[in-house]
Amino acid sequence: MPNRRFADGEVVMGRWPGSVLYYEVQVTSYNDVSHLYTVKYKDGTELELKESDIRSQSSFKHRKSQSSSSSPSRRSTSRSRSRSPGRPAKGRRRSSSQSREHKDDRKKIIQETNLAVLVLVLFKQSENNTRRYNGEPESTERNDTSCKIVEQKLKPDLEIQRVLEQYSLRPRKEEKKKEEIYSEKKIFETIKTIEKASSKTKELEFGGRIGTLMLMFLLPATVFYLLLMCRQDDPSLMNFPPPLPALESLWESRVFGIFLLWFFLQALFYLLPIGKVVEGLPLSNGRKLQYRINGFYAFVLTAAAIGTLLYFQFELHYLYDHFMQFAVSAAAFSMVLSIYLYIRSLKAPEEELAPGGNSGYFVYDFFTGHELNPRIGNFDLKYFCELRPGLIGWVVINLAMLLAEMKIHNQSMPSLSMILVNSFQLLYVVDALWNEEAVLTTMDITHDGFGFMLAFGDLVWVPFVYSLQAFYLVGHPTAISWPVAAAITILNCIGYYIFRSANSQKNSFRRNPSDPKLAYLKFIPTATGKGLLVTGWWGFVRHPNYLGDIIMALAWSLPCGFNHILPYFYVIYFICLLVHREARDEHHCKQKYGLAWERYCQRVPYRIFPYIY
């Protein structure tokens, strides 16, 4: 085994990958197998370098001393040659003036070249900071590529600087135009061009173009299949496919009008000047958007409006009777909204496009969303749809199913199963609206664009799939005893406690890590300046909030009994969704935090389920 040349903690000069530039780094560790040194740059970046890419600081100082020591002799020789006895005094003055001009030119070249190198480093750091603000990992490959492009454009200038410093050569006047250094304006234009090219989405999710095209058909088909199955007397999977209704029965103008009225009523509540205004996370250009936090007030106003309708004998179970038509209306509206969003995104500036929806492929960008924060004035379309029409509509649908059960089965009180489902899901929605500000840090807001995926998910999937248990109980009543109801309630409370306490713990630590109330929490520091919690819920599993979500989803389905698997579709879907998100989070965190994330994974080995996964 070869001996290592540099020790841990030693400060050396490390070559930046893909360039000829060396920076001061500190050796942190050495891998005996790969024979690579792990070094840390001053900006916190950690990379693995070969021994040939590392040099001692003394070698750089030695070169510098050699250059400085040899310069006087060359300068004296130059002076002796320029001061020929036969040369007149006027000629000596002209030579001195020319010398000063050349010296000034050389200083200008060196200063401008140093500015180019500085801009190169600042561009790399600003790109990393932007990705951190957006919740993205730092892409070393992407940064290296950008650095290589800029460096290739500046390489002639760097060579001029090196030759000037080492040999004190003076450029001749006739060669000045050929050796002209890039001005500050030209450097920033180059960086702007590179930044525009590097902002394209490289990694495609959901199966790329083919996968997203299939999902645009599969998602609506899944919703309609679930609703049709719930209408059957025997909603067994063996009864596939369910009888399809006539196409003309799926559309009703009155239903579509009611849906539009609901959507614009929620938009009106959103525009009311009530609730505090907060700033979101910084965008790629450093600007922060403002959001009005009044989702809970909108919920209260909606409850008052529904109460008024019930007081005047409005039959809310109309929703149950026309449930399929409402789903079709919502799907049609979400498609129209997605088309509008994509068309307007074509005129959006480059910095306003979504990091995850800027691939250049029409189908993929249409599905994932091309524009990050589409707004009409101060009306943020994505933020509005995230919590308002669909999430509050979910509660209204559940209430309509409760009233429909009472009417169809001639009950004076709703069943215990229906009460549990309504209560559990009401708690979940109220919690989301009460903690509305927390949604501003989610990937839906910071990373994903607003396209078909979120439009359909917010307006169709959430209200019509999440209410599947209540819809199922109307046609398939299930009786449960009080002890069973108590056990299910305890299970839901455990899931909610894990979900809420884990999220609160994380949000408090992010806002103020030095809070004395959080002194008991231990964390692993990272190169990004953030810490990875290794105590509390985040030291139990890596994603405790996902664990709480799954436990609650199970509690929502248990009141439906075990006669059919259909009510448990939401649990299966939720587990698959969270496992997908967890895998995506793992990939991003590994790139973002590097060695710190590997140490965290060793400290917290379980991802979602303790001792299982």
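Each Cβ is built from the backbone N, Cα and C atoms, and glycine gets one as well.
TrEMBL lists 66-75 with the feature compositional bias 'Low complexity'.
Here TrEMBL flags 76-95 as compositional bias 'Basic residues'.
According to TrEMBL, the compositional bias 'Basic and acidic residues' annotation covers 99-108.
Residues or ranges marked as domain 'Tudor' in TrEMBL: 4-62.
The region 'Disordered' annotation in TrEMBL covers 52-108.
According to TrEMBL, the transmembrane segment annotation covers 206-228 (among others).
Listed as Cβ neighbours of the transmembrane segment (255-274) (distance under 8 Å, sequence separation of 6 or more from its ends, same chain) are residues 292, 294, 297-298, 301-302, 305, 322, 325-326, 329-330, 332-333, 379, 384, 388-389, 392-393, 459. The annotation transmembrane segment is assigned in TrEMBL to 255-274 (among others).
Feature annotation from TrEMBL assigns transmembrane segment to 295-314 (among others).
Summarising the annotation, TrEMBL assigns transmembrane segment to 326-343 (among others). Outside the transmembrane segment (326-343) by six or more residues, the chain places 220, 223-224, 227, 250-252, 255-256, 258-260, 263, 319, 365-366, 369-371, 374, 381, 450-452, 455-456, 458-460, 463-464 with a CB less than 8 A from a CB of the stretch.
The feature transmembrane segment is assigned by TrEMBL to 454-474 (among others).
Among the features that TrEMBL reports, transmembrane segment is placed at 480-499 (among others).
Residues or ranges marked as transmembrane segment in TrEMBL: 520-541 (among others).
Look at TrEMBL and you will find 561-580 (among others) tagged as transmembrane segment.
Beyond its flanks by at least six residues, the transmembrane segment (561-580) meets 226, 229-230, 235-237, 417, 465-466, 468-469, 472, 476, 478, 480, 543, 546, 549-550, 553-554, 608 of its own chain at Cβ-Cβ distances under 8 Å. Among residues of the same chain six or more beyond the transmembrane segment (206-228), those with a C-beta under 8 A of the stretch's C-beta atoms are 241-245, 323-324, 327-328, 331, 361, 363-364, 366-368, 452-453, 456, 460-461, 464-465, 468, 471, 566, 569.
Below 8 angstroms of C-beta separation, residues 219-220, 222-223, 226-227, 230, 235, 263, 320, 323, 326-327, 330-331, 333-335, 337-338, 341, 369, 382, 385-386, 389-391, 393-394, 397-398, 401-402, 404-405, 408, 415, 417-418, 421-422, 425, 444, 448, 556-557, 559-560, 564, 566-567, 569-570, 573 of the same chain, each at least six residues beyond the ends of the transmembrane segment (454-474), sit close to that stretch. Under DSSP, the residues of the domain 'Tudor' (4-62) split into helix, strand and coil as follows: 9 helix, 27 strand, 23 coil.
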